[in-house]
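What TrEMBL annotates here:
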type     : residues : note
DOMAIN   : 33-274   : domain 'G-protein coupled receptors family 1 profile'
TRANSMEM : 22-42    : transmembrane segment
TRANSMEM : 49-68    : transmembrane segment
TRANSMEM : 101-128  : transmembrane segment
TRANSMEM : 140-162  : transmembrane segment
TRANSMEM : 168-192  : transmembrane segment
TRANSMEM : 213-235  : transmembrane segment
TRANSMEM : 255-276  : transmembrane segment
Amino acid sequence: ENISDFSLNITDCTQVVVPEEVFFTVAAAGILENLLILIAVVRNKNLHLPMYFFICSLAISDMLGSLYKTLENIFIILCKMGYLTRHGDFEKKLDDAMDSLFILSLLGSIFSLLAIAADRYITIFYALRYHNIMTLRRALVILAIIWAFCAGSSIAIALFSYEAATVIPFTILFPLMMCFILCLYVHMFLLARSHAKKIASLPSSTAHHRTNTKGAITLTIFLGVFLCCWAPFVLHILLARFCPHNPYCACYMSIFHVNGTLIMCNAIINPMIFAFRSPELRSTFKKMFYCSR
C-alpha cells in the first residue's frame, strides 16, 4: 500500500482499481467452484484415486488464494473506514497472517501442479505398474509432505519478508518449478509416440493411450492458466522489492488490483477445466444437482 501510494508521485500512470463488487463476486465464485470439486471427490468413491486427490490439493490452493484476496480487500476497506490503522501491532500481525496465506496458496498450487505432472508422467510411461507405484497411501503421504513444507515455508517467509535473503529464494522458486514442469512436459510428449508403439499390441491400449494423452493435455492447460494468472503478481512482488522507485516499475505496479483479480480468476478457471475434461466429474456434478433438486 505504501509503495503504491509512493508510485503515484513518480509516474504518470493512473492506478487501476477493480470495483469491490467485481472483486468479491469473483472471489466467491472461485471458492464455491473449488468447494464443489472437493464435495464431488468426497462423495464419489470412484474418484478416490491419487490423481483426483492431487486435483483436490490444487483446488484447496485456489480456495486459499481467493480467500486471501478477499480478506486483504476487507482489511483495506476497514482501514479506509477508520476501524483499523495501517501501522498498529494487531494490524501488523494480521498482515503477516494474510501474507502467509498468500504464500501458502502459491506454494500449494506450484507443488500440486508438480504432483499432478508427476502422476501423469507415471501414468503414461509406467502404465502397467502405475497402481503399484502410485498407491493411495503414497499419494496421501506426498500430499502431507507438500502441505507441511508449504505451511512451514509460508510462515517463515511471512515473518522475514523484509529480508532480501527471504524474498529472492521465494521468487526464484516460481520460475524454477515452472521450468522443471515444462521440461517434464517436453520429455513426456517426446517419448509419448515411441511408448505408444510399444503398447500398441496390448488390449485396449489405444483407448488407454488416448486417455493418458488427454490427461497430459489437461495438465498443459492447467500450467498455461496458472502462469497467466500468477506470473503478473509474482513480477509485481519482484518489482516492489527491487525497484520501487523506478517510474517504469511503478507504472507496472499501478495495476496491482488487476493482478490480484487474475489470481482469483485462476480459481474460477481450474474447476471449469476439471468439469469439461473429466467425464467422471461431469457425471458426479449431474448426480449432485439432480439429488439437490
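Along the chain as shown, residues are numbered 1 onward.
Here the Cβ of each residue, glycine as well, is placed from N, Cα and C on the backbone.
Here the structure is a predicted model, which means the values were calculated and not measured.
Long-range Cβ contacts of the transmembrane segment (140-162) within its own chain (Cβ-Cβ under 8 Å, at least 6 residues beyond either end) map to 53-54, 57, 96-97, 99-101, 103-104, 107-108, 111-112, 115, 170. Cβ atoms under 8 Å from those of the transmembrane segment (49-68) belong to residues 26-28, 30-31, 34-35, 37-38, 41, 98, 101-102, 104-106, 108-109, 112-113, 115-116, 119-120, 123, 134-136, 138-140, 143, 146-147, 215, 222, 263-264, 266-267, 270-271, 274 of the same chain, restricted to positions at least 6 beyond its ends.
If you look at the transmembrane segment (255-276), the same-chain residues 6 or more away from its ends with a CB under 8 A from one of its CBs are 4, 15-18, 22-23, 26-27, 29-31, 33-34, 36-37, 55, 58-59, 62-63, 65-66, 69, 72, 105, 109, 218, 221-222, 225-226, 228-230, 232-233, 236, 282, 285.
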